[in-house]
């Protein structure tokens, strides 16, 4: 792992390479080792032979000796790029990176100012730094004044001493131009970052303002307008205003499915009819779940409505009320499920796939909704799961006494598709083949027994004297009884084998 961090992992034919030998070879071939090696050279050791005070008066030896540290800048940029990609707070990190860039630019400019003052001569005029006096000669005071001068110049504030020679004028002009270009770009980037941080809020506010204008134009009552505004406030406070489809639109379907599974799969498994379903079906269904937010007093469904959706309570409390709207029959909380049988459209349902109760939201409630259309679209590719769901739905209806068995069976016979008929005939043929195989095994066993019996009788008669054979041979009655028994056994075997043929014949006639 440490080698991976040192040399940097890379992709080869779409696979992440973690082998140390390959990483070393790739690191050498890229040529990055050259700049890394130069930046790590201990050039400070040159002070051992050439101390700073031995340099020429116009040459800043400490700066030149340590200039190789600048080769680490590409590594720092790479670190920023990787951190920005992996962090969960990209906007905050970008702002911190811009602030750091500003400080580095001001620091470098301060170093250039001090170096130019060193070359021109400290205290030779009012523009350069003056080292006279005990306070100005300290390193802290030198750096703070240079940093202050650099800040005033790059931010184009000015108010610095007037330059007195051509070199000083050129440096100040270059600083002003760099400050105008660089800081204008930086300030624009910061403004854009702050706007992006509030982009979701601005989009939400625009939608809410549009609804307000519409309600004002249509002269909606104040009570209803207040309910709508409270609904907007609730959705924003609970982070429900995010458009998930738009956010995840850039991802491939596989990654979107994995995110949806991670977020919603446990919720979907709470539904009794979906327990132990095929994983592929559950993966399709989690992509079709839609979150709906209901305000206090909103009816999720009313008694007698045709059931087109099923609901899973994520947050909030619901009450099942009578027709008068006052009597509370039951209370539903987080994890409760209702309407799952109505989306299956089971024939024979005594309720006619209609709602059997009124469900009302007590406060603000978050519910996951699965539409009947989406469920049946997913079940097209999973016929076995469809059959299993229908069976579980029938069990729930039988438990409550709401299933008409005769109507259910009649509907099954009427809606039996050609594929179902073919499947049924295939099952009949398979049963026929099994019975034929069993019959052939019985016939083979019978023939083997008869051969062994005949062989024993022939062997026994061969070793008997002629005078004893009449006494040991079976009489005619016994032989006739055995022959009749064998023939009856053969007839039963033949009848058992021919019965599947007659069944298949009837199926063919019925299909025709």
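Think of each number as a place in line: the chain as shown, counted from 1.
Just so you know, glycine gets a Cβ as well, placed from its N, Cα and C.
Among the ranges 146-168, 169-191, 192-214, 215-237, the one that TrEMBL lists as transmembrane segment is 169-191.
Residue ranges 419-465, 466-512 are listed, and TrEMBL annotates 466-512 among them as region 'Disordered'. With a threshold of 8 Å between CB atoms, the same-chain residues lying at least 6 positions outside the transmembrane segment (169-191) that come near it are 94-95, 98, 101-102, 105, 109, 112-113, 116, 150, 153-156, 160, 163. Packing against the transmembrane segment (98-120) from elsewhere in the chain are residues 58, 60, 63, 128-129, 142-143, 146-147, 149-151, 153-154, 165, 167-168, 171, 175, 178, 182-183, 186, 189-190, 193: each is 6 or more residues past its ends and has a CB under 8 Å from a CB in it.
Counting residues of the domain 'Cyclic nucleotide-binding' (273-391) by DSSP class, helix then strand then coil, yields 30 helix, 40 strand, 49 coil.
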